[in-house]
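Everything on this sheet refers to the single structure shown next.
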Amino acid sequence: MDGTETRQRRLDSCGKPGELGLPHPLSTGGLPVASEDGALRAPESQSVTPKPLETEPSRETTWSIGLQVTVPFMFAGLGLSWAGMLLDYFQHWPVFVEVKDLLTLVPPLVGLKGNLEMTLASRLSTAANTGQIDDPQEQHRVISSNLALIQVQATVVGLLAAVAALLLGVVSREEVDVAKVELLCASSVLTAFLAAFALGVLMVCIVIGARKLGVNPDNIATPIAASLGDLITLSILALVSSFFYRHKDSRYLTPLVCLSFAALTPVWVLIAKQSPPIVKILKFGWFPIILAMVISSFGGLILSKTVSKQQYKGMAIFTPVICGVGGNLVAIQTSRISTYLHMWSAPGVLPLQMKKFWPNPCSTFCTSEINSMSARVLLLLVVPGHLIFFYIIYLVEGQSVINSQTFVVLYLLAGLIQVTILLYLAEVMVRLTWHQALDPDNHCIPYLTGLGDLLGSSSVGHTAAVPRRCTASPGWGLIQPFICTQHLIVSLLSFYFPFCLLAKTSI
């Protein structure tokens, strides 16, 4: 949501910020000025001074955050576990066997759902926490424009995801089948549209319901979106692609589907334009979700190349779980930090305690600040969460799941490293984007979830291959966990440092 619409509400029951151990909200003395690129900046002539108004600060504690996050997180994990088992089942369907690029399409398409729904949930949560959807007329405008926006994004990026999957397939196989191209494009666009609509309506209901119940939507909206999102998206993709595969003799069916949804795009644009902040996203918000889709596509390539190989047994089941858990947790943290900045500062102006663009990692996880508290809670959920999800998958799948101690330990370590890096990057990216007067809800979550997909896919690929090597060579099995752990850390950090250099050049 846009910084110009941020409202601070006075509540008689709330104490002053100083009494709660929180910094005073900042005021620029006026409305931000829009720049040519659509970003909002505070006027330079206006100084940032403490604003002695009572606001609606967060009274959350570690326990309250944990209680609110844990239940939806576990519910989300169940959905991710079922999604992994469904993917393991769907990979043997004729359409997935015949059209290999469908597996390449899974991470970017599921990631697209995550990007759209999590950014939607984050925008709506910020709007709810700042009081913008309390007025019925304003609520209708915000909801309709946001739903129309994600339909535009789903149609365009769904088509681009299919193109990316095809290009990666061409590079590796050097062959193009026009019928398969049409099937892939139609399946991607229709799946993206249906999933975006269903999950968008669900997000609206969750945020409004949470607001009425007095629960922070930031803590529950994104986990619930993740719990059903992957399951719904995978199911729709499998059913839609199988339908087109059965009717592959109907020459004009798939092109007609693509053209029909393309023709609806101007209608969604007109509806979305009733909200000025959404207009800015339509103009300038494409790069994050497209780049995130490209990053996720490489994770899809890893999945498609390894899922059918015996030495990578478990890729199909555990890839959605580790990718979904990482993206879920980092989206919660990003949404919380974004809401904090919308409530306590103005676009382009960082609070005093967040002035450093590159904070010490210890300050991200080990201080008494509310964002550090939430980061600790989210990090503590990783290992027990993955253990529970692994046990559920093992109970359902039985002996078909890798259950060696080496795999379990490395899998948990990979998930812990992945989430640690993502949570730290969330802190850095939100500060950088807010300093540039950009909305973190729209610019950070796509990058972080896309990176989480790539890190998750590569991590599962490394860990899945270890048990067989251990069995083949007992001596190798003793040292392989340490070598693989070192390789995982180096691989994950190799994605972090290029981002640091890129971000520094943009300041």
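Numbering starts at 1 and runs along the chain as it is shown here.
In case you wondered, yes, glycine gets a Cβ from its N, Cα and C as well.
Under the heading compositional bias 'Basic and acidic residues', Swiss-Prot lists 1-13.
The feature region 'Disordered' is assigned by Swiss-Prot to 1-60.
The transmembrane segment annotation in Swiss-Prot covers 67-87 (among others) and is backed by sequence analysis.
Residues or ranges marked as transmembrane segment in Swiss-Prot: 152-172 (among others).
Here Swiss-Prot flags 189-209 (among others) as transmembrane segment.
Positions annotated as transmembrane segment by Swiss-Prot, on the basis of sequence analysis: 220-240 (among others).
Taken from Swiss-Prot, the feature transmembrane segment covers 252-272 (among others), and the record attributes it to sequence analysis.
Among the features that Swiss-Prot reports, transmembrane segment is placed at 284-304 (among others).
Swiss-Prot lists 314-334 (among others) with the feature transmembrane segment.
The annotation transmembrane segment is assigned in Swiss-Prot to 377-397 (among others) on the grounds of sequence analysis.
Sequence annotations record features per position, and here Swiss-Prot assigns transmembrane segment to 406-426 (among others) based on sequence analysis.
Annotated transmembrane segment per Swiss-Prot: 482-502 (among others), in sequence order.
The stretch in 152-172, 284-304, 314-334, 377-397 that contributes the largest number of Cβ pairs under 8 Å to the transmembrane segment (67-87) is 314-334. Between the transmembrane segment (152-172) and the stretches 189-209, 284-304, 314-334, 377-397, 406-426, Cβ pairs under 8 Å are most numerous for 284-304.
Highlighted: of the candidate stretches 189-209, 284-304, 314-334, 189-209 has the greatest count of Cβ pairs under 8 Å to the transmembrane segment (252-272).
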